[in-house]
Amino acid sequence: MKAQPKASHFIGGAFVEDKAGKPLPVIYPATGEEIASLYSATPGIIEAAYAAALKAQGEWAALKPVERGRILRRTAEILREKNRKLSKLETLDTGKALQETLVADAASAADALEFFGGIISGFNGEFVELGGSFAYTRREALGICVGIGAWNYPIQIAAWKSAPALAMGNAFIFKPSENTPLSALALAEAYKEAGLPDGLFNVVQGYGDVGAALVNHRLTAKVSLTGSVPTGRRIMAQAGEQLKHVTMELGGKSPLIVFDDADLESAIGGAMLGNFYSTGQVCSNGTRVFVHKNIRERFIERLVERTRKIRIGDPFDEATQMGPLISAAQRDKVLSYIKKGKAEGATLACGGGVPKLQGFDKGFFIEPTVFADVTDTMTIAREEIFGPVMSVLEFSDEDEVIARANDSEFGLAAGVFTADLSRGHHVIGQIKAGTCWINAYNLTPVEVPFGGYKQSGIGRENGIAALAHYSQIKTVYVEMGKVDSPY
């Protein structure tokens, strides 16, 4: 299988190549096969992207918001028309099951474009009456914004970041993860087809040095990152030297709390969704599953039964429920955590190994894994693994589990399963996390903000809040009388 794009980069409305850049091979995670060969951006490529963005941004910002929104909504239509093609590309790029990419990737990107394209014309400033005189505020674009993506949801992340930025009148430069560089180029083509003026959405490929060059560029007004906490700290420090706006959507070790009155099958389904979807490579996953002692034994029994039925295999078989991890390095990292979990005394309830799959022996597969008898101090309960590894912990009462759930440097997400909605609201109100669910998990509609507390991030993706993060406020005071001056 091959998925070679026309060129590595997309700048000023056209594909651009510069083979002087460092080679960037693209690997299909299910087989280890190279499916494309790209090149990292050179300084010349980076400068060309900024020149194109600078040329286009002012005129774009001057358009009526409804006109900008119309182009975004047309882009959403194009993505939906091409959903199967884009989903197959995303499966090649990430290894995720086609069953998943058909509903969770380009489809979510289209939702974001449609939402921001529709809401931008109503996102206005304020009028303040001041007793004859008055003031008003304007929401204005920041200028050139940079997005740095992750490899778990490439096209979704590219759209979640670029849609609100473009809606507000900014230009956008996006660097995908070096592991998954392909679908951002497809998004660029969709923008072009929809009529987005050249230079407003640019894609530059590369490794960490390219990301650093974008962050440090004098024309960068804002940086939006989806990535790990260490990467976020580094980028925020770089951006802080020039006081640039930042949005950080980082890692997590989120709690999922199951009370003894919860619907057992629903809670197990939520826990599986919050640990095994995308082969566990989701930042908001509820990897610390706290189960009340009264139902712990039955919960684990049914969880193991259902987990063992997960179908692992060919990502392009729509019956497949779980594909491989993104890379050999990520697989080895996850396996090392499983080894550490066993060494520290956790009980391996199921999984923990590498499945034998005919035709995919060089792929980066791993079995969905459940640990029982996990304690709060174990490494697998403290550190983000980013793989299909669930830790089940026992609790006795509400106050106890709230305290333990909050005992983490992270605060991205949390979930509660209970038949008592009053208790559900109370517990969620005490949890220090930015994105929470009651009797559900990992549902992220674009209409609501997504982001975390503590080390899990700053700012928000999606919802009206995202528009605020891609804009700046200008206050205008209008004096209707004469100036009252003591001079």
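Cβ from N, Cα, C; glycine included.
Sequence annotations record features per position, and here Swiss-Prot assigns active site, charge relay system to LYS161, GLU461 based on sequence analysis. As annotated by Swiss-Prot, active site, proton acceptor applies to GLU249. If you look up Swiss-Prot, you'll see CYS283 marked as active site, nucleophile, on the strength of sequence analysis. According to Swiss-Prot, the K(+) 1 binding site annotation covers ILE27, ASP93. Feature annotation from Swiss-Prot assigns NAD(+) binding site to GLY149, ALA150, TRP151, LYS175, PRO176, SER177, GLU178, SER228, VAL229, PRO230, THR231, GLY251, CYS283, GLU384; the stated evidence is sequence analysis. Look at Swiss-Prot and you will find LEU243, LYS454, GLY457 tagged as K(+) 2 binding site, backed by sequence analysis. The feature cysteine sulfenic acid (-SOH) is assigned by Swiss-Prot to CYS283.
Sequence-distant contacts (6 or more apart, same chain, Cβ under 8 Å) of GLY149 (NAD(+) binding site) comprise ILE157, ALA158, LYS161, PHE174, LYS175, PRO176, SER177, THR180, ALA184, THR226. For the recorded positions GLU178, THR231, LEU243, GLU249, LYS454, a Cα-Cα cutoff of 10 angstroms around GLU461 (active site, charge relay system) retains GLU249. Measuring Cα to Cα from ASP93 (K(+) 1 binding site), the recorded positions that fall within 10 Å are TRP151, out of TRP151, VAL229, LEU243, GLU249, CYS283, GLY457. Long-range Cβ contacts of GLU178 (NAD(+) binding site) within its own chain (separation 6+, distance under 8 Å): LEU24, SER40, GLN205, GLY206, TYR207.
DSSP assigns LYS161 (active site, charge relay system) to a helical segment in the three-state reduction.
Using a 10 Å radius centred on the Cβ of GLY457 (K(+) 2 binding site) and all shown protein chains, the other Cβ atoms total 29. Cα to Cα, TRP151 (NAD(+) binding site) and LYS454 (K(+) 2 binding site) are separated by 23 Å. GLY457 (K(+) 2 binding site) sits 29 Å from ILE27 (K(+) 1 binding site), taking the C-alpha atoms as the reference points. Among the record's NAD(+) binders, GLY149, ALA150, TRP151, LYS175, PRO176, SER177, GLU178, SER228, VAL229, PRO230, THR231, GLY251, CYS283, GLU384, no two C-alpha atoms are more than 24 Å apart, and one pair sits at exactly that spread.
Following the DSSP three-state reduction, the secondary structure of PRO176 (NAD(+) binding site) is coil. Cβ packing within 10 Å was compared across the recorded positions ILE27, VAL229, LEU243, CYS283, and the lowest neighbour count falls to LEU243. Of the listed recorded positions ASP93, GLU461, the Cβ environment within 10 Å is emptiest of other Cβ atoms at GLU461.
Sequence-distant neighbours of THR231 (NAD(+) binding site) (same chain, six or more apart, CB under 8 Å from its CB) are GLY208, LEU225, LEU250, listed in sequence order.
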